[in-house]
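Input: a single structure, listed below in structure tokens.
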Amino acid sequence: MFSPADNIFIILITGEFILGILGNGYIALVNWIDWIKKKKISTVDYILTNLVIARICLISVMVVNGIVIVLNPDVYTKNKQQIVIFTFWTFANYLNMWITTCLNVFYFLKIASSSHPLFLWLKWKIDMVVHWILLGCFAISLLVSLIAAIVLSCDYRFHAIAKHKRNITEMFHVSKIPYFEPLTLFNLFAIVPFIVSLISFFLLVRSLWRHTKQIKLYATGSRDPSTEVHVRAIKTMTSFIFFFFLYFISSILMTFSCLMTKYKLAVEFGEIAAILYPLGHSLILIVLNNKLRQIFVRMLTCRKIACVI
């Protein structure tokens with residue numbers, strides 16, 4: 001029998017799951033159809049397609065973890081089950097983070113302007129090496145998830161032995177502690193791609209500021225296309241920073257939940273808030289991307305016409 005809090009959690013997480021799959025699936029489907037029609041795909045669409053696939057995996061893992069928490073509140077005391085979930089979450093999380101960073105760096109390189117040799121070289125090379133970069137993201141994510149699995153497996157064996165030497169009360173408290181340090185460590189590692197995205201964001205803002213100063217010298221009545229592109233990219237990256245901050249705080253909450261008296265409620269709240277990141281940022285991408293937004297509006301228009309007929 002589920003508690004009222006569990007029922008609310010199931011309703012919310014189900015709604016987030018449906019919206020997340022629909023939103024990310026829509027981006028993947030539009031880019032895939034466009035790829036088939038044109039026999040080629042742009043670099044930004046290629047990065048977006050890989051990103052939304054990673055986010056579908058991340059949302060799925062987080063929803064499975066949420067359901068397991070509801071069905072089995074003592075999941076943190078059954079380390080084998082948690083090791084499997086955490087390993088898949090680590091892979092999907094890091095893959096999502098690194099591909100999002102690639103997208104932010106791509107926006108910066110393609111939109112910003114600079115005469116620095118390194119910037120010009122990266123701007124020229126990015127389209128050529130994007131496949132290898134994404135492959136590197138996959139390799140890094142796989143490596144980190146395997147390390148996570150090994151570390152947690154070692155902790156499981158160590159504490160399985162300790163169970164024979166402690167009483168039941170001590171065993172309950174010890175069984176939650178092995179996840180504290182590894183989880184905290186792996187959450188902190190996720191800051192690395194975030195810092196790269198943050199640097200790209202500030203450099204892009206700097207580029208916009210310099211560009212705005214230049215066009216003021218040659219002000220005209222028309223709107224400047226370059227400024228609009230800058231602003232759109234900054235909005236996208238700002239939404240990423242906001243949702244990632246929310247996601248990171250939620251992850252920390254779930255990490256420290258094992259030390260709380262109502263850890264199940266803390267994990268449920270953290271799961272709901274954390275899923276907003278892969279869900280919300282993808283919806284923002286649809287709104288700010290001209291192609292995705294126009295196709296979506298066209299679909300709604302056709303649907304209204306069909307309903308009228």
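Backbone N, Cα and C atoms are what each Cβ position is placed from, and that goes for glycine too.
TrEMBL entries are annotated by machine, without manual review.
The feature domain 'G-protein coupled receptors family 1 profile' is assigned by TrEMBL to 23-288.
Residues or ranges marked as transmembrane segment by TrEMBL: 6-30 (among others).
Residues 2, 6, 9-10, 13, 16-17, 20-21, 24-25, 27-28, 81, 85, 88-89, 91-93, 95-96, 99-100, 103, 264, 267-268, 271-272, 274-275, 278-279, 282 of the same chain lie 6+ residues outside the transmembrane segment (51-71) yet bring a C-beta within less than 8 angstroms of a C-beta in it. Annotated transmembrane segment per TrEMBL: 51-71 (among others), in sequence order.
For 83-109 (among others), the entry in TrEMBL reads transmembrane segment. Long-range neighbours of the transmembrane segment (83-109) within the same chain, counting only residues 6 or more positions beyond its ends whose Cβ lies under 8 Å from a Cβ of the stretch, are 43-44, 47-48, 50-51, 54-55, 57-58, 60-62, 64-65, 68, 119, 122-123, 126, 130, 133-134, 137-138, 140-142, 144-146, 148-149, 152-153, 156, 179, 183, 186, 189-190, 193-194, 196-197, 200-201, 203-204, 207, 233, 236-237, 240, 244, 278, 281.
The feature transmembrane segment is assigned by TrEMBL to 129-152 (among others).
TrEMBL lists 185-205 (among others) with the feature transmembrane segment.
The transmembrane segment feature in TrEMBL is assigned to 240-263 (among others).
Feature annotation from TrEMBL assigns transmembrane segment to 269-288 (among others). Using a Cβ-Cβ cut-off under 8 Å and counting only residues 6 or more beyond its ends in the same chain, the transmembrane segment (269-288) has close neighbours at 9, 12-13, 16-17, 19-20, 23-24, 26-27, 48, 52, 55, 58-59, 62-63, 65-66, 69, 96, 100, 232, 235-236, 239-240, 243-244, 246-247, 249-251, 253-254, 257, 296.
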